[in-house]
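Chemist: Submitted below is the structure of interest, expressed as C-alpha cells.
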Amino acid sequence: MVKISFQPAVAGIKGDKADKASASAPAPASATEILLTPAREEQPPQHRSKRGGSVGGVCYLSMGMVVLLMGLVFASVYIYRYFFLAQLARDNFFRCGVLYEDSLSSQVRTQMELEEDVKIYLDENYERINVPVPQFGGGDPADIIHDFQRGLTAYHDISLDKCYVIELNTTIVLPPRNFWELLMNVKRGTYLPQTYIIQEEMVVTEHVSDKEALGSFIYHLCNGKDTYRLRRRATRRRINKRGAKNCNAIRHFENTFVVETLICGVV
C-alpha cells in the first residue's frame with residue numbers, strides 16, 4: 001500500500017513562540033491523504049482453462065470406460081446365453097444306438113439293434129433316456145429317469161402309460177459324468193461297439209400316492225399317471241412264454257451293455 005499526503009501551505013514565517021509550541025504538539029491531521037492499493041496479480045486465464053479442460057477430459061474418459069465395460073458385460077452375457085449354453089445343451093444330448101447279440105429271446109444268438117435318446121444333466125446329477133418303439137420288437141417304448149440325488153429310477157412304460165419306481169442300481173447304471181464321457185468318446189460313430197445283453201426282473205409291490213416325495217424330476221415324469229413301486233427279485237429265473245405274459249420288458253442301456261428290465265405282476 002502506498003500512502004501519499006498533502007500538507008497545507010504555511011500562512012507566514014513569523015509566528016508566536018506559543019504558536020510554535022502549539023504547532024509542535026500533535027494535532028489532528030488535516031492533511032488530505034490518498035491511499036493507493038496495488039493491483040492484485042491475476043493469474044493468466046489460460047491456466048484455468050487448462051485445469052478445467054483436464055478435469056472434463058478425465059470425466060469423459062471415465063464415462064467412456066464405464067460404457068465400454070457395460071458393453072463388454074452385455075456382450076459376454078449374450079455370448080454365454082446364446083452360444084455357450086446352446087453348445088452345452090448339444091453336448092449333453094445324444095442320439096445313439098448299439099448293436100448287441102440277443103441271447104434271451106431264443107437259443108440262437110441274433111444280432112439286434114437298440115436306439116435311444118439320452119439327455120445327461122451333469123449339474124442336476126440325473127439322466128433321462130427315451131427308448132422309442134423298437135424296430136424289431138423285444139420291448140416297450142419307455143421314458144427312464146435315473147436320479148442320483150434321490151437314488152431312484154423311474155420307468156414310464158409308454159404302452160401302458162404307467163410309472164414304476166425302484167431304488168437306483170448303481171452296479172448297472174453309470175453315473176452322469178461317466179456315462180457322458182462314454183458317449184462323448186463314441187460320438188463320432190453312429191453305434192457303440194457290439195456288446196451283449198443282461199436281464200433284471202422287477203416285481204410290482206404297492207401303489208404310490210405321494211409322487212412329490214419322489215423328487216421333482218420323477219414327479220414331472222409320473223404326474224397324472226398310475227405309479228407303483230418295484231422290488232428287485234433276488235434270484236434270477238428263466239422266464240418262459242407263459243410267465244412272460246404277465247411281464248413287460250423294457251430294453252435300454254446306460255453302460256457298455258444292454259439291460260432288459262422285466263416288470264412282472266403288472267396291474
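Using N, Cα and C of the backbone, Cβ positions are placed for all residues, glycine too.
Keep in mind the model is a prediction, meaning the values are calculated, not measured.
From Swiss-Prot, for reference:
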DISULFID  Cys163-Cys222  disulfide bond
DOMAIN    136-230  domain 'BRICHOS'
CARBOHYD  Asn169  N-linked glycosylation site
MOD_RES   Thr37  phosphothreonine
TRANSMEM  55-75  transmembrane segment
Chemist: Let's see if you can do this one: DSSP helix, strand and coil counts over the domain 'BRICHOS' (136-230), in that order.
Modeler: 20 helix, 39 strand, 36 coil
Chemist: Could you state the whole-number distance in Å separating the C-alpha atoms of Cys222 (disulfide bond) and Asn169 (N-linked glycosylation site)?
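Modeler: With distance taken Cα to Cα, Asn169 (N-linked glycosylation site) is 20 Å from Cys222 (disulfide bond).
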